[in-house]
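Undergrad: Okay, so TrEMBL annotates it like this:
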type	residues	note
DOMAIN	1-87	domain 'PH'
SIGNAL	1-18	signal peptide
DOMAIN	122-208	domain 'DEP'
DOMAIN	230-336	domain 'PH'
Amino acid sequence: MLVLILRWFVLLQDKLLYYKLEGGKKESSPKGRILLDGCTITCPCLEYENRPLLIKLRTKTNTDYFLECCSREERDSWALDITGAIHAGHPVQVQELHRMKNSFKLLENISLHHIVDKMRDSSTGIKLTRNLEQGNRYKETFTGSALVDWLISNSFAVSRFEAVTLASMLMEENFTKPVGARSIEAMRYSDLSEQFLDDSTALYMFAESSKKMLSSKEELQFNISELSGMIVKQGFLVKQGHKRKNWKVRKFVLRADPAFLHYYDPTKEENKPVGGFSLRGCLVSALEDNGVPAGVKGNVQGNLFKIITKNDIHYYIQASSKAERTQWIEAIKPLT
């Protein structure tokens, strides 16, 4: 049984001090200290399934300290700062830590079947629990934030952004599915980049078909590094949002092997997609300019085309001319 005591922590360059609190104020002298030289840090620490906000520190003398934070944001912020202090004498490693925090480069070769197999492991897999949402009971579910923690803890992803991207792929490929109003609503009405929720109130479960898929002899491989390579076509198009139905300019990048179409927000400096989807099994077609098709709202200038994913998600996109629309359709079709 893990018993935790409330303490006030102060992080210095080479040590972590903790103070006893009396009357809501910390005492003048520290109660103890944790020397960071030679320490290893584990975050997220999943040794105690009912305590997802733990950080584990192991000193070079093999003494373990467990620190519990108030939120995932606070936990991840402390973990990053403590890790930076541990490597304070190595500035290159500190720079790499901050780069990894916002990383979008997953492992070069990821097998989704392998990940799901590990998730289902009875001893080290993700913990399945019963959850209650709006009066409905769901068995054998896990939360979005629990899956993100598990993916990072098992070294399938470095940052939460990477883990959310990977979790979205698991859902898109029908290994997992949303359950409950919150996660289902996000799946139906949000942009693809927001369809998986890193949230402790969003519920998910294994898809019924995933057991059959795991037994398949033909294992589907995803080379994530190729999402930023093999560019077939790129350019600016106007895309309709799924939720508000407004139109926004996006930079689209079409990639092959595997075939993906990603889109970026040109107003942001970071080179990260705000959405994207696999083109396998997609349908792409031009839409007539005489009249507004069903499902399209707002300011429509024409030169529309539509992409329907195999999960029946509809993307409406405007090109600047009929010629450009034709070029995009002809580039996409061979990849579907």
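Placed from the backbone N, Cα and C atoms, the Cβ positions cover glycine too.
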Undergrad: Let me know the model's mean pLDDT on the domain 'PH' (230-336).
TA: 81
Undergrad: Pull the DSSP breakdown for the domain 'PH' (1-87) and write it out as helix, strand, coil residue counts.
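TA: Across the domain 'PH' (1-87), DSSP assigns the residues as follows: 15 helix, 30 strand, 42 coil.
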